[in-house]
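> Just passing along the structure, written as structure tokens.
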Amino acid sequence: IYSKAKVCRPNEPTKCLMYEPGIINLFAKSRNYSELLWAWKGWRDAIGPKVRTDWERIIEIENIGARENNYTDEGAAWRTNYQVSNLRGKVEKLWAQLRPFYLQLHSYVRYKLKQEYGDHVNLTGPIPAHLLGEIWAMSWLNIYNITKPYPNVNAFQVDEGMKDMNYTTHDMFVLADNFYQSMGLPAMPDNFWKYSMFTRPKNRSVVCYASASDMGHDKQGNEDVRIKMCAVVNANYLYTVHHEMGHCQYYLAYNEAQPPEFRAGANNGFHEAIGDTAALSVINPTHLKKLGILKPVDAENKHQQNINFLLRRALEKVAFFPFSISLEFWRWDVFSGKITNQHLNAGWWENKLKYQGIYPPVERTEHDFDPASKYHVTSGTPYIRYFIAHILEFQLYETLCKLSGHKGPLHLCDFQGSKVAGRHFRKMLEMGNSKHWEDILRKLSGSCHMDAGSTLRFFKPLTQWLKQISYCHKWFYRKWWFTLSRGYPYRLYFDSKKVARFLRSYQYNLDKWRRIDGLATFARETNITKHNTAVHTKTSLEFTKWLLKKQKIAAKFSLRGLSCDQTRMIKSIRKSSSCKEPALRKEKVRKRNRITAIYSKAKVCRPNEPTKCLMYEPGIINLFAKSRNYGELLWAWKGWRDAIGPKVRTDWERIIEIENIGARENGYTDEGAYWRTNYQIRNLREQVEKMWAQLRPLYLQLHSYVRYKLKQEYGDHVNLTGPIPAHLLGEIWAMSWLNIYNLTKPYPNVNAFQVDEGLKEMNYTTHDMFVLADNFYQSMGLPAMPDNFWKYSMFTRPKNRSVVCYASAWNMGHDKQGNEDVRVKMCAVVNANYLYTVHHEMGHCQYYLAYNEAQPPEFRAGANNGFHEAIGDTAALSVINPTHLKKLGILKPVDAETKHQQNINFLLRRALEKVAFFPFSISLEFWRWDVFSGKITNQHLNAGWWENKLKYQGIYPPVERTEHDFDPASKYHVTSGTPYIRYFIAQVLEFQFYEILCKLSGHKGPLHLCDFQGSKVAGRHFRKMLEMGNSKHWEDILQKLSGSCHVDAGSTLRFFKPLTQWLVKENKRLGNKIGW
């Protein structure tokens, strides 16, 4: 029944496939989900139900015979071949060695299959059993082209090479014979060539499954060993030919050396291992290049070739380990009665799930008998031999490689031609089973124990690569998350349909609510009145109420059986830190509105002159940009903090308390922990600290140089070996030191960056700056800003009304007519700082436009919050740049002799803005995380703030500050409750993005002089990344653009490399102390 089984097309009874070559070829080549499913189910249906009753009776008879011969069952009789106690326990130990590697492979393959088959594959679950390139999922070799790590490196074009060299099936057998002879082993006898079946004969039914046979000697006394297979010319059969001829070599050796009783393998696993050991040396880049079947690859691609080769080998070898034990452990449990006849199929699939992490793509019941689809189950052939053989082949291979004198990576060893290795190999073969197999193993390898160490050493480079790539993509889950139940997968599919309906409704309404809430918030921030505040409060509370309602519904859904996108969406909807108590939510909104209003209306008034007051924009900004009067700066610095901090502290503390209540109600330790989940990585703080450790040496050099220059300006107010007074750095928060550029300019006589003057000379208006930014993005192939942008944005501070000036971008989705609606809000003036800010905020808008078009509402967000901030800054690095500004005519070219000085001036100016910001951002957010966690208590809020400022920034308050003060509130993001670590991550990312876009644009030369304006190639890659929104893990999205999944400060350091070198020399020349 098995040998004649066919799978016929529905309603086409003449169009049928047998196992060889039809089904083999279909699974090797087809990527049609339904077609594979048809063949997978059809093959099982053609055999299982027809043989089950007979098979059950055979098991019964075999158990009767086993017990009559004093075995507990037939499985116990089979295990005696290995002459060890607790064989199952030993196999489990070997599997425990291999399982971590298999899990990495499984996760990587599952990810690749997800890319191929979409929602048919769930990234957190087992794999559908019919998608792995083979009818049994025993070998995954046929999906190599889907999973190939480096698609452009042709590491294993064996089939093509053999075709080019006009190989026939007979040639493959000659090649194998020559291989064994090269090691001093005997040639195949005449009977081998006379009686073997190499290919499928026509017009008769045969069992094609490849096998070797020992016929002893014919009547004339000639050796008679043979093989049977239906070979075709390809890499798979080249391997199989060497494997089966290995059996024949074993036969010849022990037939000559041993009496008939000992003419057998040391154990059944040995027999399978012999040919595989040789085949490892043959199906190997080193050997195949010798034969001319493979062409050498470029030296630069050698690592990629090795990874491709090892992945291909792992798909065959490593995937097999759990397949083999899932089969044999099932059969042993059937023999023992642990699995009864009423649960044969269920037990089979439980093992498949447990060991292989696969599941049936359609419902299977006890009417089916899927184990019978495997020849060895139907024929009653013990199978644990193949698991043991795979362990032994690597062990034997490593030993023969050492004997042949091989040096280098194990997977590149070819021991062809080594008579030393051949002599030791032949001696082991001659022993047959005349000794205990452990003694025979020790004779060759020096160890009597089977061990998976050789396997792991063979695959070590691949293991390292898989770990790296799985860390990037977060693929690695140690357990598949569901067990099989009757009715699977239909029950889960029904849940999936309900989830799909819920998500469609949710996304439609989410779009509407986001617009309603966004319009109310924008109206309030561009016109702070009691009415607008009341509308905003009401809308915000209603939106939150709606979200909470949907979160409760989403929490009821099981994630089992959902697609990856559905799972990601449901998890995102569930994610919340809002309090369950409506009164607390309402209290938080009101208090937040009150303290942000205090912030937005804050003024600093001259002593005894209450009408002469400065608001933050433009008054305080301008004062810190221009004044060098120590006392005046101190007045404004202290006044700003006094105007906000004490007035908001009580409300702010209560808001933190409410936020922590909500976070804990939703399963987070505190609100800071909830914020950090946006980044989906463990120990975000540690990761940020590592990046800061990369950047800190540059910052220390900058701090030391700036302190020296401030000492020259302010004399005894500055200590050359201590921290810097916080009000002297050109900005109210010491966040950016850009405004003290003129004090710190390395080469004062080189006008490298007179952007404000250039803009003024060219009569730029604020509107012109926005047009300039729009043109920049369009030059890269990105879309123009829509009409609503120009209609509704707030570019400058309006007269006669209070507004929140802090620059921001807004995504309003689409208006009633379906037109795109993105906006910005700021109080811009014409200068270099705002030219930068305009490009930054328009970058947010480009992100909105891209993912609004490409993604469903739930994925319309930055890959993480840092990404959103980085996008515009990436463009701005290309704009606020001597190369670009000279193109625009804003900057005049400098004399060629002063080019180095110009570069240093430019980089120092950029460092005052960018490098100075890094410690500012982490000092703020680390402080806030510690407040959320309770490490910093309400009694030490201000002290904790200044401890962080000293530790990270090396600054201190110029006047005494106490717990009556609340200086953190002087920063808008603290008052408004906006997470801030995004800005640190954004600044690291912007240099990373900038460097890759520069490479894509073809830039050559120093990184800091790159301008990618006009590069459609760079723009196309940039847009693709923007369109992904947060539909994937941010590290996947980062890798898509940059080739690396890690946020790394290396690009930042390369950008500033010329300045770093200059600062080190200058500080040494001046005798400046590094640090405080």
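Using the three backbone atoms N, Cα and C, a Cβ is placed for every residue, glycine included.
Remember, TrEMBL labels are computer predictions, not curated facts.
Pulled these from TrEMBL:
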ACT_SITE  His376  active site, proton donor 1
ACT_SITE  Glu841  active site, proton acceptor 2
ACT_SITE  His973  active site, proton donor 2
ACT_SITE  His973  active site, proton donor 1
BINDING   Tyr679, Arg982  chloride binding site
BINDING   His840, His844, Glu869  Zn(2+) 2 binding site
BINDING   His840, His844, Glu869  Zn(2+) 1 binding site
> With Cβ-Cβ distance below 8 Å and at least 6 positions apart along the chain, what are the contacts of Glu869 (Zn(2+) 2 binding site)? List them in sequence order.
His840, Arg982, Tyr983, Ile985, Ala986, Gln987, Glu990
> Inside 8 A of the center formed by the CB atoms of His840, His844, Glu869, which other residues of the chain have their CB, for the recorded Zn(2+) 2 site?
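Leaving out the recorded residues gives Ala809, Glu841, Gly843, His868, Ala870, Ile871, Gly872, Asp873, Ala986.
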> In whole Å, note down how far the CA of Tyr679 (chloride binding site) lies from the CA of His844 (Zn(2+) 2 binding site).
19
> Of Tyr679, Glu841, His973, which is closest to His376 (active site, proton donor 1) if I measure between C-alpha atoms? They're all recorded positions.
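Closest recorded candidate to His376 (active site, proton donor 1) by Cα: Tyr679.
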> From the Cα of Glu841 (active site, proton acceptor 2) across to the Cα of His973 (active site, proton donor 2), what is the distance in angstrom?
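Just about 16 Å between their Cα atoms.
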> Can you check which residue among the recorded positions His840, His973 has the largest number of Cβ atoms within 10 Å of its own?
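Going through His840, His973 one by one, the largest Cβ count within 10 Å is at His840.
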> Would you find the one among the binding-site residues His844, Arg982 whose Cβ has the most company, meaning other Cβ atoms within 10 Å?
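Its Cβ has the most other Cβ atoms within 10 Å: Arg982.
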> Pop the Cα-Cα gap between Tyr679 (chloride binding site) and Glu841 (active site, proton acceptor 2) into the table, whole Å please.
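That separation, Cα to Cα, works out to 22 Å.
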> What are the sequence-distant neighbours of Tyr679 (chloride binding site), meaning same chain, six or more residues apart, C-beta distance under 8 angstroms?
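In sequence order, Asn864, Gly866, Ile985, Trp1034 meet the Cβ cut-off.
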> His376 (active site, proton donor 1) has how many other Cβ neighbours within 10 Å of its own Cβ?
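There are 17 such Cβ atoms around His376 (active site, proton donor 1).
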> State the count of C-beta atoms found within 10 angstroms of the C-beta of Glu841 (active site, proton acceptor 2), not counting that atom itself.
25
